[in-house]
Amino acid sequence: MKTYRDHYFLKAKQENYPARSIYKLKEIDNRFKLFRQGMKVLDLGAAPGSWSLGAAERVGPKGRVLACDLQTTDTQFPPNVTFMQEDVFNRSEAFEDALAAMGPFHVVISDMAPRTTGTRFTDQARSLELCIEALAVADHCLIKGGSFVVKIFMGPDVKQLLDALRARFETVKTFKPKSSRVESKETFYVCLGYRGDGQQD
């Protein structure tokens, strides 16, 4: 198991990414073709910045990435990435202005995860709260036909999230990348074809 984990950790360091999570996003994009040149992407829970870097590469210099996280990061981003230190549960006026100025977005991605307590039920409940808030942000700024990717710690209460996703998107897929740790409870919902009517629910 340790060798398996170290493979992605070392690969990330060799390729100048701040975290191994970059390979999860690459697997998701290779499978579902989320990104195209010139797209605008919103990255929630972006620190330390691997997903933002990966998205920036795939949308190219004419694309834009707005990244935010409760924590700051010292990652050096390319010119097409804007990073803001923000709490998605208490969004500042400056962040709302950035959403309005840079949006609407073609893709919203969320790798947000709670600080784990070691108590499975608590961690799953907090993960679900983050997913629901990420979806609320997506409802606010995702274009019709757009895509949404969100990380969830699987548990008994995910049905309410799945129901909300299926009401908003044409296609909802469950995907666990090979680069996820085998013992991890995380998985990703990959949602395609936003209907554009989430705010009316």
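Here the Cβ of each residue, glycine as well, is placed from N, Cα and C on the backbone.
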Where Swiss-Prot shows Gly49, Trp51, Asp69, Asp111 binding S-adenosyl-L-methionine, which of Asp87, Asp97, Asp123 is named for the same site? Asp87
Tell me the Cα distance separating Lys151 (active site, proton acceptor) from Asp69 (S-adenosyl-L-methionine binding site), rounded to the nearest angstrom. 15
Drop a 10 Å sphere on every Cβ of the binding-site residues Asp69, Asp87, Asp111 and tell me which sphere holds the fewest other Cβ atoms. Asp87
Which number gives the other C-beta atoms within 10 angstroms of the C-beta of Trp51 (S-adenosyl-L-methionine binding site), all protein chains shown included? 28
Pairwise Cα distance for Asp111 (S-adenosyl-L-methionine binding site)/Lys151 (active site, proton acceptor) [Å, integer]: 5
